[in-house]
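Peer 1: For reference, the structure I am asking about is given below.
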Amino acid sequence: CTSSFGLFFAEFMVEFRAPASSITIALSVQTIVFSVSSLFALNIGSSLASNRTYIILGGLFGCSAYLISAVIKDISYLILSHGVIFGIAYGFSYGPALVVLGRYFDKKRGIASSLGNMGVSVGSLVFPPVIRLLLDSYGLRGALAVIGGILLNLCVAGALMRPVTFYQDKTDKIDHGQKVWATNSDVYDSNKVKIPSNDEKENHIIKADPINYYNLSNVVKNSDIIQTSSTQKQKLQGLDKRIQTTKHLCKKVVHFKVLKNALFRMWIPVCFLGIIGCVQIVIFIPPHAKDLQISDSDITLLVIIVGASNFISKILLAYFIYINLMPKHILIALSLIITGISCMFISFYTNFVTMTILSVIFGVFGSVYFGLFPAVLVDFVGLEHLSGAMAINMLMQGLGLSISNPILGFLRDMTGSFHASFYLMGTTLIISGAILFLEPLCRRMEIRRTAAQYLQTQIDIQPL
């Protein structure tokens, strides 16, 4: 849907005689809602329902969004339908699906992520001609209604994403069910080694830093140290309970521990800037081609070329990962830079043939980020912090898109062409790719931090 939305983008401009900025505002709202809903589903909401449930809900919200878009009378209502409702659908289905995929695999996680994202490539091949056929046969509103029905297949996909415990035999369920596979948000260890719970970690840290983890209730319970009335004791215990609840809620919303990781801090500007070009280019290719007076059938063909190139790219990417040609983050860096450079030559793409070149380059290199970033996150922060890192990653991606969408649309309305918009996308891609080459420096910083933390822990737990 994201790859093919450019076809609807052009139709919305014609149907409602709306400027590009009004449609990009709806896309900005969508990315904001996507970030918030992803943060909820991957953190707080993980204790309320499983990833499987959120994916199914995503299908229901996605269908509702397109059905509402099919009956709106004014372009401003697109903010509600495609902005808010589809943003929830996107957040509920995308992040949880990536987390489930990451927990299904261990050694072959990179290949699995690349092959799993081939669904995007297949969709980019199938959806453009289908959408074009629907637009020609039923018009904009009829096409939106049919696509809404197709989105219900997300419910089927979510139903098939069973938890890993489903595939364990009964013995493992009895012996290890509560230890290794505790909750939906708990960490999956492929070697079935028990991972310390948060309480165990905090109890261990209490020994090292008794000031920061000072538990008021334990002091109150010690009648030899503090003598107080039962009323005062209850008030203190109630206050301590509220403090602990607030701390727990903050930890559930954002996993602050992962921000201590130098590699992840380096990754934050990468996902913030890189997502702008990786998502927006394919959306802006159709309206830009329409400005160049390219026919609707050729515009559809351009989107199909993106999907075909994307499909071939995913196969080659899986092979490169299999032979370990180069580190995964370097593959992302090179692809971002190459895609960014191609955007800087937007003034030379003046007809269908030259626009085909842009479509091929973006199809081959523009999707590498999506195929590898879950595996790169695991390499940077470990599987233990994957869910928290994924939530922050989604939040930063949403911020990047929500800020860039109105700017890109505004540039088009002010200049009368999409050239300035492509220049901005190219710049952000080049910068994000260049940041990844700082990985050796950040890895050394992270190794020193981890070593220092380990030594401090060993010193503090020594008996007096």
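Quick reminder: no glycine exception, Cβ is built from N, Cα and C everywhere.
According to TrEMBL, the domain 'Major facilitator superfamily (MFS) profile' annotation covers 1-444. Residues annotated as transmembrane segment in TrEMBL: 20-42, 54-72, 78-102, 114-135, 141-161, 266-287, 299-323, 330-349, 355-378, 390-408, 420-438.
What's the neighbourhood like for each of these?
Peer 2: Model confidence over the domain 'Major facilitator superfamily (MFS) profile' (1-444) is summarised by a mean pLDDT of 79.
Within the chain, the transmembrane segment (78-102) has long-range Cβ neighbours (under 8 A, six or more residues past its boundaries) at 12, 23, 25-42, 51-52, 54-55, 57-62, 64-66, 68-69, 72, 109, 112-113, 116, 151, 154, 157-158, 161, 374-375, 378, 383, 386-387, 390-391, 394.
Within the chain carrying the transmembrane segment (141-161), a Cβ under 8 angstroms from the stretch's Cβ atoms is held by residues 1, 8, 51-56, 58-60, 62-67, 69-71, 89, 93, 97, 100, 131, 134-135, all 6 or more beyond its ends.
Sequence-distant contacts of the transmembrane segment (355-378) (same chain, at least 6 residues past either end, Cβ-Cβ under 8 Å): 98, 101-102, 109-110, 113-114, 117, 120-121, 124, 264, 267, 271, 274-275, 277-278, 281-282, 285, 288-289, 292, 294, 302-303, 305-310, 312-314, 317, 321, 328-329, 331-332, 334-336, 338-339, 342-343, 346, 349, 386, 389-390, 393.
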Peer 1: Spell out yes or no: are there three or more C-beta pairs under 8 angstroms between the transmembrane segment (420-438) and the transmembrane segment (299-323), with each pair 6 or more apart in sequence?
Peer 2: no
Peer 1: Please identify the stretch among 20-42, 54-72, 266-287, 299-323, 390-408 with the greatest number of Cβ pairs below 8 Å relative to the transmembrane segment (330-349).
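Peer 2: Checked against 20-42, 54-72, 266-287, 299-323, 390-408; highest Cβ contact count belongs to 266-287.
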Peer 1: In terms of Cβ proximity under 8 Å, which residues at least six beyond the ends of the transmembrane segment (54-72) contact it?
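Peer 2: Contacts of the transmembrane segment (54-72) (Cβ under 8 Å, skipping residues fewer than 6 from its ends): 1, 41, 45, 78, 80-82, 85-86, 88-94, 96-97, 100, 141-142, 144-145, 147-149, 151-159, 161.
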Peer 1: Should the transmembrane segment (299-323) and the transmembrane segment (114-135) be scored as in contact, given a threshold of at least 3 Cβ pairs under 8 Å and pairs 6 or more apart?
Peer 2: yes
Peer 1: Which bits of the chain, at least 6 residues beyond where the transmembrane segment (390-408) starts or stops, bring a Cβ under 8 A of a Cβ in it?
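Peer 2: Distal contacts: 21, 24-25, 27-29, 31-32, 34-36, 38-39, 42-43, 91, 94-95, 98-99, 254-255, 258-259, 264, 267-268, 271-273, 275-276, 279-280, 284, 373-374, 377, 421, 424-425, 428.
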Peer 1: Which residues of the same chain, at least 6 past either end of the transmembrane segment (20-42), have a Cβ under 8 Å from a Cβ in it?
Peer 2: 9, 12-13, 51, 54, 75-76, 78-79, 82-84, 86-88, 90-92, 94-96, 99, 185, 253-254, 283, 287, 387-388, 390-391, 394-395, 397-403, 405-406, 408-410, 412-413
